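As given in Swiss-Prot:
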{"type": "TOPO_DOM", "residues": "1-14", "note": "topological domain 'Cytoplasmic'"}
{"type": "TRANSMEM", "residues": "15-35", "note": "transmembrane segment"}
{"type": "TOPO_DOM", "residues": "36-172", "note": "topological domain 'Lumenal'"}
{"type": "ACT_SITE", "residues": "S49", "note": "active site, charge relay system"}
{"type": "ACT_SITE", "residues": "H90", "note": "active site, charge relay system"}
{"type": "ACT_SITE", "residues": "D115", "note": "active site, charge relay system"}
{"type": "REGION", "residues": "158-169", "note": "region 'C-terminal short (CTS) helix'"}
Amino acid sequence: MLSFLQNPRQAAAQVLNFALILSTAFMMWKGLSVASDSPSPIVVVLSGSMEPAFQRGDLLFLWNRNLLEETKVGEIVVYNVKGKDIPIVHRLVRKFGAGPKAKLLTKGDNNVADDTELYARGQDYIEREDIIGSVVGYIPFVGYVTILLSEHPWLKTVMLGMMGLVVVLQRE
């Protein structure tokens, strides 16, 4: 069962394989960030505020390279609110002015009111600099795993334990 302890070369190879997988995932994430010009090129929909367009758990792909083009009313954007860590996925419903200093108002498709209550205190609108990216594609329900892991922390422990067990018991 613990035969990997008897063969340090095999144990080192398994550790290096695991490190290779982690570094590859990190490089892919950073590559997507640079290509899309977005700090978070992939986000998960955390609430039902954008139904029926997007369901809770949908994985969204963002693009932020259209800096020369104006953000258009009707676009679905992901933006950060000053002082809050969770990005919000909502539709741009009104625009005041033009250019990088235009004032933007957003609203969830499934919400009755606009997002002024979600913005930071004293902030009535968001600006282009608050936008992380525009949604260019999605995969339904794939992000639900991250929601489950954040809502049920014990699942992280179970999952990490199972992954560790697989690494320990794996034979080459």
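The backbone N, Cα and C atoms fix where each Cβ goes, and this holds for glycine too.
Distribution of Swiss-Prot features across the structure.
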residue	record	Cβ neighbours (10 Å)
S49	active site, charge relay system	20
H90	active site, charge relay system	22
D115	active site, charge relay system	21
Give the helix, strand or coil assignment DSSP yields for D115 (active site, charge relay system). helix
Inter-residue Cα distance where the pair is H90 (active site, charge relay system) and D115 (active site, charge relay system), in Å: 9
Taking every residue in the topological domain 'Lumenal' (36-172), the average pLDDT works out to 90
Per DSSP, three-state class assigned to H90 (active site, charge relay system): strand
Three-state secondary structure, S49 (active site, charge relay system) (per DSSP): coil
Per DSSP, the region 'C-terminal short (CTS) helix' (158-169) contains 12 helix, 0 strand, 0 coil
I need the CA-to-CA distance for H90 (active site, charge relay system) versus S49 (active site, charge relay system), whole Å please. 8
